Amino acid sequence: MADEADFPSIFRIHNETLNIWTHLIGFFIFLSLTIYTAMKVPKVVDLQALQQISDALKKADLKKLQSEILTCLPSLPNMPDLNKLREELKTSIPLMDLVPSLSSWHVMEHLHNCLPEIFAAGNHIDAQVLQGMKEPITRRPFFTFLGGAMFCLFASSTYHLLSCHSERLSYIMLRLDYAGIAALIATSFYPPVYYSFMCDPFFCNVYLGSTTVLRIATILFSLLPMFQSPKFRKIRASFFFGMGMSGVAPIIHKLILFWQQPEALHTTLYEILMGVLYGVGALVYAARVPERWMPGKFDIAGHSHQLFHILVVAGAFTHYQAGLVYLKWRDQNGC
Ligand SMILES: [Zn+2]
């Protein structure tokens, strides 16, 4: 027990030290992944979209298209690459050499924003070009998951840091810790369900709706005082485990619908690995392994709770990898 004045206990070695740090480091890993995803992933993806545009341009009426693009460009904001791009378009479209000449993602983004307006107004450009100008696939479900992961990891490390300071604070923080786990599991459903069923609004809504209702109920339940008592330890673990298992239905459904798609198999393998990591985490947590075999030997390091923390971070990271595969799949193929 430490008193209120002992705040920097984060830097002292005690039985909560590794519990704090495993999830604080996990939080920073996910913060970095979120920043990386926001900055880097659209670039990779939209270069692929550009490839689609280029393919479509090859089949389009180039003379008409060239004049359309050139009338579109003056309406774009000023940017250093713009004049260069205009010059390049004048010469490169007839040569069908657009992709190697474009290096800037911003230029491409403007081109994306510019051309659909012309299609809406004119409707006289090759339909295949319009096909190539699909709306970029939303990242919202993916960022919702990343937000849930960061909330879980931050709430958990804060709980372990503050729980020893006062009973009142511990009471609040433990609920926040459980709510964090529930939030991580809940938000983990959004990317696989959304990207698997985005082309089938009925199933997409059924899965997303039932997932949301079930998860909110779980989070509210996890805030009840009785949920926290020691005799609920096994029930808590099986509760989180059961919540995770309810994701099996949409995954099997995805495999049936897209069994020919390598991405469907690829993401399922990540999802199985994630299930194993979380499942082992829940078992270790519930069975108090390894300290039940040698009580007192694992208080500082190797305690079941620390293993559980590490397995949670590893499971969430596996899910991030699956999310990248989903994004790539949908960006390339659409529906
Ligand atoms: Zn914990």
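Backbone N, Cα and C atoms are what each Cβ position is placed from, and that goes for glycine too.
Copied from TrEMBL, the annotated features are:
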TRANSMEM  20-39  transmembrane segment
TRANSMEM  142-162  transmembrane segment
BINDING   His160, His305, His309  Zn(2+) binding site
TRANSMEM  168-190  transmembrane segment
TRANSMEM  202-227  transmembrane segment
TRANSMEM  239-257  transmembrane segment
TRANSMEM  269-287  transmembrane segment
TRANSMEM  307-327  transmembrane segment
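Within the chain carrying the transmembrane segment (307-327), a Cβ under 8 angstroms from the stretch's Cβ atoms is held by residues 18-19, 22-23, 25-26, 29-30, 33, 37, 41, 45, 137, 139, 142, 145-146, 149, 152-153, 156, 181, 184, 188, 191-192, 195-196, 263, 266-267, 270-271, 273-274, 277-278, 280-282, 284-285, 289, all 6 or more beyond its ends. Counting every protein chain shown, the number of other Cβ atoms lying within 10 Å of the Cβ of His309 (Zn(2+) binding site) is 25. Around His305 (Zn(2+) binding site), the same-chain residues at least 6 positions away in sequence with a Cβ under 8 Å from its Cβ are Asn19, Tyr285. Other Cβ atoms within 10 Å of the Cβ of His160 (Zn(2+) binding site) number 27 in total over all chains.
Those residues of the chain, other than His160, His305, His309, with a C-beta within 8 angstroms of the mean position of the Zn(2+) site C-beta atoms are Glu16, Leu18, Asn19, Ile20, Thr22, His23, Ser156, His303, Gln306, Phe308.
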